[in-house]
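Report on one structure; see the data block that follows.
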């Protein structure tokens, strides 16, 4: 948390320099030099504060905090990159909070992978595609990126999705894991309360709408469709895989829960399997 806040302190640079919040969007070298010095200084502080194993965690948290702070700076400006600043804040906070909530909930499963920064090649490719689409459309169709009401709808989707996912993680407690478990532990219980009373897979529902919301926020029409299709397919397969394991773990108890509570994702009913 300290490292994340240290990185996010980049948002205070305009105050220190006596300049406008549009520090990143400006054409001058002063802002760029200030950012470079901030990154170098913060990294040096982390190297002094933490031994090597903890440094690996701290530098990732600091990087996400830095991205969050830069997003705040872009959001405060009046440039065409304002909505991209919203996106940067959303993306960095999502990945950082994945690690933080896992640390609170289930520290035994905590690892560098809990940041989900290396989720998969496909995930990284999807993110890169959205940045490319935003940049190209900003160059050739700049008016498309100035639809504030649409970006606001996307931001609300992002907030809803991330809050639902984190509520699911907190409700599940130590039962939640980023990796589908193939063996049942002694403490593994079937959670059906809270948001799990609304949907069988609230963390996936949250992530689904969060991912689509990021592209609505960016006003990326191509990636909105692409993200919706790719996310739907991924979660359909993930839910079927997970439910086979849950039926194996809990038997009739899970089948009864499955009959009463929907998956939460459109047109996904889960695995079709009876004991």
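Glycine is treated like the rest: Cβ placed from N, Cα and C.
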Transmembrane segment range according to TrEMBL, out of 17-33, 34-50: 34-50
Quick one: which of 57-78, 123-144 does TrEMBL have down as transmembrane segment? 57-78
Candidate ranges 183-206, 207-230; TrEMBL annotation transmembrane segment resolves to 207-230
Cβ under 8 Å, sequence separation of at least 6 from the ends of the transmembrane segment (84-101): give me the contacting residues as numbers and ranges. 1, 4, 57, 60-61, 64-65, 67-68, 70-77, 110, 114-117, 127, 134, 151, 155, 158, 162, 166, 169-170, 178, 210, 213-214, 217-218
State the residues, same chain only, that lie 6 or more residues beyond the ends of the transmembrane segment (57-78) and have a CB under 8 A from a CB inside it; answer 'none' if no residue qualifies. 1, 3-11, 13-14, 20-25, 35, 39, 42-43, 46, 49-50, 84-93, 95-96, 99, 112, 115, 117
Tertiary contacts of the transmembrane segment (207-230), as residues 6+ beyond its ends and Cβ separation under 8 Å: 83-84, 86-87, 90-91, 94, 122, 126, 129-130, 133-134, 137, 144-145, 147, 150-151, 153-158, 160-162, 164-165, 265
